[in-house]
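Note sheet for the following structure.
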Amino acid sequence: MEIEEMGERKVVNKYHPPDFDPAKIPRRRQPNNKQLNVRMMLPMSIRCGTCCNYIYKGTKFNSRKEDVVGETYLGINIFRFYFKCPKCSAEITYKTDPQNSDYTVESGASRNFEPWRDQDEAAENEKRKRDAEEMGDAMKSLENKAVDSKKDMDILAALEEMRSMKSRHATVSFEDMLETLKHSSQQKEENASEELDEQDEALVKSIVFHNSKDYVRYIDEDRMEGPSSLPVPVKPKSSSLGKPTDTLTSASTCSKSAGTRAGSTIIMPKFELKVENESKKPPNGLQTLCATYESDESE
């Protein structure tokens, strides 16, 4: 009893009266070329011809579909779709293109430029041109076949090269690869260091030092013209000493200061060159004694 109630609840069993005759059911008839409401996405990017609005590929629309009367391709029906622009509500139509496995805009819009379509069209035109040439010329057909066979052989050779390269790479472990990379990097570093050393050596050779044999010292012509430009040695005048022990005292003080401060600079006295008339200065006693001693030695 429970099974029957479960079956009735799911409406699995349907009641057919004993006087049921399916032939009496009228056949549903539809008008020819009836439009069906379908929801689909736009298969291409287009531009509306009324408001110039761009509608991109993949936009969903509620469209109407119908069969194109009198147009087929190898027995394949061609369908037409109607939809409205989302901005200005202008009607746009496009239809299928089974010959090129694509769609074509029929009215109300223009398709955006697609570069790959030009490439496909160029390849198709080249193929048609070749077929037309081979149709009436056997030698041209033979030449084209020879070119095609050469291309196939080149492709096979490239494939064999790739296979052999992969087989060689399969036997190489990652440790060997790391070792090779390390060795190549070290070699590059060594080459770079050698190149830098050569550049440094060339730079050093290009510099001319004062003690090198290629060094040439130039003297101005102004210095070579007159003798006045030559340096004249001037002897400092001996300063008059007030006492004979002044020189010893000054020398002892200089030596003591030099011993106490090692590495300090020694300030030498400055000699001023003054032209004086020594004949006017009366000689002191020490000078007279020295002159007398020199005269005795000469005798």
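Backbone N, Cα and C define each Cβ position, glycine as well.
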Given ranges 175-199, 275-299, the stretch to which TrEMBL attaches the annotation region 'Disordered': 275-299
Summary of DSSP states over the compositional bias 'Polar residues' (99-110), given as helix, strand and coil counts: 0 helix, 8 strand, 4 coil
